[in-house]
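Notes for the one structure printed next.
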Amino acid sequence: MPSGTVALAFSGGLDTTVCVPLLKEEYGYDDVIGVTVDVGQPDAEFAAARETAAALGVEHHVVDATAEFAALCFDAVRANATYQGYPLGTALARPVIADAILSVAEAEGCAALAHGCTGKGNDQLRFEAVWRASDHDVCAPVRELGLTREWEIEYAAERDLPVEAGNEGEWSIDTNLWSRSVEGGHLEEPDYQPPADIYAWTDAPSGETGTVDITFEAGVPVAVDGTAMEPVALIEALNDRAGSYGVGRTDMLEDRMLGLKVRENYEHPAATTLLAAHKALEGLVLTKAERDFTAAVSQQWAQKAYEGVVEHPLMDALNGYLDETQSAVSGTVTIAFEGGRARPIARESEHAVYSADAASFNTETVAGIEQADATGVAKYHGFQSRLANAAFDGNK
């Protein structure tokens, strides 16, 4: 059997708590190090993890990865990345968490890495996509031992582990800087109407309205209402502000990587606002061909990010394209908050691919081109379609 030390992705919840003795009893490791990675969770979660680790008698590390996570979130903004219509949050956080745990494992000379993910979710794949590129063994006790929640509760009670049945509430909640997800319980039923108390970041949309100016440099958000802000602070500020107008709620049936459909409820006020502003600015500064191709890039970027393979060679190629096109995406967009929406209402940039004279109905000639010059284009437009339809009709 293996020996040595294993680094465990540790939240202090039921799954990771029971993993601690199981990694010793079932896997043969001598010691377990719990690693909790900060990607913007509430402070109470870190306190709970520290207390649980102390009660279990395991070494515990807390790693601050908020800056790295915020940078990846802004990469997602540059890519207009959404999966099945919602901003990626949990998916973006997992590779950052996995990297941080791997760094601790390497620094502490650990022989293996472990997580408490089930065999039905996406997170097992996202963690292991990072870890299996290393020389460490990977352990997944919940999946590999076929554990159920009922078994875990009974096991914890028998060994007097610091877990109380039901202490995690009716819902399964995952929070980070970019999004808050709520699932489980009755929310698993597609026809169940969730109560208002599942929401913590967003107020119910009302008639109250407001505006905010978002400034971008090379596709990256850098200021709110003219005040320069670091990424973490900018996201936190917009979460509070947009959330107060009910912006950023999603209730959906999500297709997971293993083929399961799972109902998810998300809150993502800052993400919704920044994505809307960024896309509006692109509409001002990119050509039609660039916008069309960027849509395909966005879909592929989001898919790879959802899968947790942000180090995939394709991502390097996609980011290379974005580096080129985003160089022009600098300017300011005004967003209106109204009825739970973030709606772009103004945009400006020195790189605007726009001519007010050319678009005006009151201008006859622009850059030597007159309205009448469009006649030849109009005659040819749709020409091939007319030929095809005539040929089809003639063969009936």
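Placed from the backbone N, Cα and C atoms, the Cβ positions cover glycine too.
Here the structure is a predicted model, which means the values were calculated and not measured.
Lifted from Swiss-Prot, the feature list:
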BINDING   Ala9, Phe10, Ser11, Gly12, Gly13, Leu14, Asp15, Thr16, Thr17, Gly116  ATP binding site
BINDING   Tyr86, Asn122, Arg126, Ser172, Ser181, Glu254, Tyr266  L-citrulline binding site
BINDING   Thr118, Asn122, Asp123  L-aspartate binding site
Candidate binding-site residues Ala9, Thr17, Thr118, pick with smallest Cα gap to Tyr266 (L-citrulline binding site): Thr118
Least surrounded among the binding-site residues, given as Ser11, Thr118, Asn122, when other CB atoms within 10 Å are counted: Thr118
Cα separation, Thr17 (ATP binding site) to Asn122 (L-citrulline binding site) (Å, whole number): 20
Fewest-neighbour residue among binding-site residues, criterion Cβ within 10 Å, set Thr17, Ser172, Ser181: Ser172
Assigned conformation of Gly13 (ATP binding site) - DSSP reduced to three states: coil
Alpha-carbon distance [Gly13 (ATP binding site); Glu254 (L-citrulline binding site)] in Å: 24
Among Tyr86, Tyr266 [binding-site residues], residue with fewest other Cβ within 10 Å: Tyr86
Candidates Tyr86, Thr118, Arg126, Ser172 (binding-site residues) - the one closest to Asp15 (ATP binding site) by CA: Thr118
CB contacts for Arg126 (L-citrulline binding site) [other CB atoms within 10 A, all chains]: 27
